[in-house]
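Accompanying notes for the structure given below.
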Amino acid sequence: MAPTLATAHRRRWWMACTAVVENLFFSAVLLGWGSLLIMLKSEGFYSYLCHYPDNTTYHNSTGNETNQELVMDMNGWLICKEQDEMLNLAFTVGSFLLSAISLPLGIIMDKYGPRKLRLSGSASFGVSCLLIAYGASNPNSLSVLIFVALCLNGFGGMCMTFTSLTLPNMFGDLRSTFIALMIGSYASSAVTFPFIKVIYDLGVSFITILIVWAACAGLVFFNCFFNWPLEPFPGPEDMDYTVKIKFSWLGFDHKITGKQFYKQVTTVGRRLSVGGSMKNPKELSALQNGNKLCLSTVDLEVKCQADNAATPSFMKSVFSPILLLSLITMCVTQLRLIFYMGAMNNILEFLVEGDMDTVSLYTSIFGVLQLLCLLTAPVIGYIMDWKLKDCDDGKEDADEKDTNTDGKKKKKRDRQIQKITNATRAFAFTNFLLVGFGITCLINNLPLQILSFILHTIVRGFIHSAVGGLYAAVYPSTHFGSLTGLQSLISALFALLQQPLFLAMMGPLEGDPLWVNVGLLGVSMFGFCLPLYLIFYKRSLERQRKQKIEDSKLYLKINGTPDHEAFV
């Protein structure tokens with residue numbers, strides 16, 4: 001039996017804490033591809049593509065050599081460029097699905113809620129672990145299972161991530177901070193495979209590790225089954241779980257929040273009160289045409305807007321400049337980050353001239369640094385929430401705490417303008433870090449790559465948190481899942497370019513990533529388009545607010561009230 005929204009609200013801290021842990025170990029673990037790649041090679045996945053050519057130079061992972069042409073092995077299995085290309089293709093497919101599946105998931109989640117998706121995701125993740133374990137039992141015949149396993153892994157991981165992004169709706173003004181925390185745990189999940197590699201290096205069987213991991217995914221399934229509600233979590237503007245019940249006896253065939261119910265009842269009551277005072281057919285027809293009359297006088301008529309008039313349509317949100325520019329930013333950033341993750345081991349091999357022990361060491365360092373996302377992602381969330389508590393929340397009544405010592409009301413910031421200001425800072429800062437990361441990648445210095453690891457980790461945590469916070473701030477909560485999914489799908493399609501870039505690096509460029517990195521650095525400059533537009537958008541909002549204040553003063557002189565009304 002699924003819990004109600006009121007029950008889920010009481011358990012929100014438990015759900016948030018477990019969601020962070022579950023994201024850390026069961027969401028985007030595929031982002032730790034460098035460590036998984038080493039283990040897959042050690043278990044012989046696609047090793048049958050490698051052969052000893054004539055005049056070979058044998059080179060194992062400890063550095064012992066004979067003869068001329070280089071051939072290496074790992075844990076007794078041959079490794080080669082053809083194997084790298086095939087496994088990188090599997091990573092490309094899995095990472096694509098990790099993002100591309102977001103759009104249908106977002107649409108489904110907005111309509112049906114997160115519970116069923118999270119149950120499906122945890123089950124898919126467990127099955128993916130079992131498939132990898134089965135493939136490792138006979139890699140010469142079952143290596144192809146890695147494609148199916150990584151697809152299920154990507155699907156399950158995105159289900160876990162996406163559903164956790166609905167939880168921050170229960171935390172009010174801290175929503176962006178909690179979104180950042182969820183995305184931080186998602187980004188930090190890249191540490192999972194490096195952690196598993198440490199256990200693997202201690203001598204634990206790869207198959208045993210995966211079976212235990214699949215069993216842990218079962219615990220995630222049961223946690224969701226007993227704690228997550230069927231209904232979607234409403235946004236903070238509709239938050240009132242204590243009175244959320246089903247009013248079927250009032251003619252509502254859906255569940256509504258207390259605030260929505262209050263709005264429905266007061267609207268109906270107002271229309272009944274005004275309608276009862278009407279005497280002639282003309283006034284009645286005005287009511288039937290969708291107009292409402294103020295209770296104070298029948299002569300004061302105000303056009304009644306439909307509820308959806310205040311909320312932009314989904315297509316209007318899709319074609320808004322903010323969303324389109326955010327797509328450009330995410331496409332560029334996603335390609336830059338995904339290419340580095342997929343090619344990192346080969347880039348390190350190029351720098352150390354094939355020393356696999358050094359490559360393994362730096363891969364482990366990269367994995368450990370992924371935990372930085374848990375610390376850095378909330379920073380961008382804090383930037384997105386900066387000074388929102390000091391903003392005008394739209395209430396007309398001033399509290400005592402909102403007045404100065406001389407009794408005058410404090411001048412508050414506009415909430416929408418403050419959100420745009422915060423988003424501008426977040427995206428500008430993130431893109432500067434992305435450019436810095438691109439510059440460090442151009443320098444062929446091994447110790448400097450640790451700085452590249454740090455910048456890569458910070459940018460990956462920042463960009464997703466910034467986009468999630470921006471969408472939560474600008475667009476209706478009912479569109480959040482669909483818009484985030486659309487953004488993920490388009491950026492995932494663009495990130496497929498990492499496979500031809502990888503083939504170009506391994507083929508014509510002979511393993512040298514210099515020119516690929518130069519091109520990606522140039523493309524990264526497009527990321528500054530979004531913060532520049534947000535600056536102009538903020539100025540437009542400031543002009544509108546100034547005009548609104550001047551209009552309110554005019555109405556105050558005419559009607560004695562700042563409301564935009566006029567007596568007939």
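Here the Cβ of each residue, glycine as well, is placed from N, Cα and C on the backbone.
Of the candidates N422, N559, Swiss-Prot records N-linked glycosylation site for N422; the remaining residues carry no such annotation there, which does not rule it out for them.
Here the transmembrane segment (142-162) has long-range neighbours at 22-23, 26-30, 40, 44-46, 48, 87, 90-91, 93-99, 101-102, 105-106, 109, 114, 117-118, 120-129, 131-132, 134-135, 182-183, 186, 189, 217, 220, 481, 484-485, 488, meaning same-chain residues at least 6 beyond its ends whose C-beta is under 8 angstroms from one of its own. Against the transmembrane segment (89-109), stretch 489-509 has more CB pairs under 8 A than any other of 20-40, 176-196, 322-342, 434-454, 489-509. Proximity of the transmembrane segment (20-40) to the transmembrane segment (202-222) is established through 3 or more Cβ-Cβ distances under 8 Å for residue pairs spaced 6 or more apart. Most Cβ pairs within less than 8 Å of the transmembrane segment (434-454), among stretches 202-222, 461-481, 489-509, 516-536, belong to 516-536. For the transmembrane segment (489-509), the partner stretch with the most Cβ pairs below 8 Å, chosen from 176-196, 322-342, 461-481, is 322-342.
Outside the transmembrane segment (516-536) by six or more residues, the chain places 321-322, 325-326, 328-329, 332-333, 335-336, 339, 420, 423-425, 427-428, 430-431, 434-435, 438-439, 441-442, 501, 504-505, 509 with a CB less than 8 A from a CB of the stretch. Sequence-distant contacts of N422 (N-linked glycosylation site), defined by Cβ-Cβ distance under 8 angstroms and a gap of at least six in the same chain, are I383, M384, D385, W386, K387, L388, G469, A473. When secondary structure is read from DSSP and collapsed to three states, N422 (N-linked glycosylation site) falls in the helix class.
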